[in-house]
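Note sheet for the following structure.
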């Protein structure tokens with residue numbers, strides 16, 4: 001059952017984020033052209049340059065979808081709406097009561113979270129996660145001003161390493177030895193696949209100087225914050241337990257906080273985020289949507305696809321942890337490109353095929369160990385049931 005659940009989660013992530021990726025490319029790379037008028041018979045194509053606005057709408061949609069998901073999943077339940085949505089645990093008294101009833105400290109082998117007079121320890125971690133994620137996404141977009149998209153993608157392929165490092169450094173977590181092997185194999189394989197892609201005919205190779213030091217520093221900070229985000233999410237599930245916080249509840253609250261933080265940033269005249277003639281990203285986005293109202297169709301579809309995909313992401317995070325989740329997300333690019341090879345008859349270099357083999361070796365180890373863990377848990381469960389019957 002564990003392996004089947006992992007397959008369902010991975011398949012859902014691949015499907016939804018394949019659609020999400022196509023819409024993201026359309027929004028960021030495809031020009032929008034306004035209808036010709038007497039005053040402007042030959043309108044110039046425009047590009048949507050408000051990534052912070054996109055992320056804000058994405059977070060709002062994700063909050064709504066998470067709320068609907070929780071309510072539908074718990075329909076017929078006797079719980080109050082605040083309990084279903086996990087809102088009652090966001091107060092100091094609520095988290096103390098829930099932790100005590102759920103016996104989080106006994107379940108996870110850790111001391112119960114320290115009770116604060118002013119803020120729930122769970123809410124403080126939600127705020128931290130939202131701030132880390134919001135900042136990381138903006139650093140990624142800013143890095144594209146200085147480095148090429150392939151360079152950023154290549155760096156993102158090594159995301160497993162900072163996630164593993166942050167889990168160990170920040171929260172002193174220990175992993176089974178096979179996890180380190182899987183991280184190494186998948187990272188190496190993805191790097192080989194991305195680094196040795198043959199250059200497309202008719203396109204000149206970019207000089208190494210295009211990847212400036214500023215862009216690489218921003219990219220590195222993006223990876224570090226991504227690793228801190230995933231490891232902190234892991235720590236929340238480990239510290240408070242699934243009886244206290246569920247994947248849907250984390251998705252709801254985290255995205256609501258992210259939407260608030262990013263909406264606030266949208267209204268601030270930050271030089272790095274503004275464009276010529278517009279003091280804020282909000283004014284930039286509003287001006288663009290007024291000129292090209294058809295962009296709303298792509299924005300809404302993009303946000304909806306991302307929100308549905310996040311449900312699968314948070315379920316995977318809750319059930320299997322951040323390392324397995326990031327293994328799925330970083331290999332999504334590889335499977336997408338392999339699909340492109342099959343459909344459009346693209347060619348891969350020998351080193352790329354080696355990278356594919358290395359990644360599949362890592363995935364095979366992960367699947368084998370997950371199956372062993374599932375069988376071991378089944379044996380333990382059967383033994384407990386047998387002992388209960390004898391008693």
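The backbone N, Cα and C atoms fix where each Cβ goes, and this holds for glycine too.
Per Swiss-Prot, the feature N-linked glycosylation site maps to 230; the stated evidence is sequence analysis. Using a 10 Å Cβ-Cβ cutoff, residue 230 (N-linked glycosylation site) registers 27 neighbours.
According to Swiss-Prot, the feature transmembrane segment maps to 3-23 (among others), an assignment based on sequence analysis.
Per Swiss-Prot, the feature transmembrane segment maps to 52-72 (among others).
Per Swiss-Prot, transmembrane segment is recorded for 126-147 (among others), and the stated evidence type is sequence analysis. With a cut-off of 8 Å between Cβ atoms, the residues of this chain six or more beyond the transmembrane segment (126-147) that come close are 51-52, 55, 90, 210-212, 214-216, 218-219, 221-222, 225-226, 228-229, 232-233, 236, 250, 253-255, 257-258, 261-262, 265, 272-273.
The transmembrane segment feature in Swiss-Prot is assigned to 178-198 (among others).
For 207-227 (among others), the entry in Swiss-Prot reads transmembrane segment, with the evidence type sequence analysis.
Residues or ranges marked as transmembrane segment in Swiss-Prot (evidence: sequence analysis): 250-270 (among others).
The transmembrane segment feature in Swiss-Prot is assigned to 298-318 (among others); the stated evidence is sequence analysis.
What Swiss-Prot records for 323-343 (among others) is transmembrane segment, and it gives sequence analysis as the kind of evidence.
Within the same chain, residues 3, 6, 178, 181-186, 188-198, 324, 327, 331, 334, 338, 341 sit at least 6 positions outside the transmembrane segment (347-367) and bring their C-beta atoms closer than 8 Å to a C-beta of that stretch. Taken from Swiss-Prot, the feature transmembrane segment covers 347-367 (among others), and the record attributes it to sequence analysis.
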Inset, instruction - Give me the stretch from 52-72, 178-198, 250-270, 298-318 with the greatest number of Cβ pairs under 8 Å to the transmembrane segment (3-23). - result: 298-318
Legend entry - Contact check, the transmembrane segment (298-318) vs the transmembrane segment (52-72), 3+ Cβ pairs under 8 Å, seq sep 6+: yes
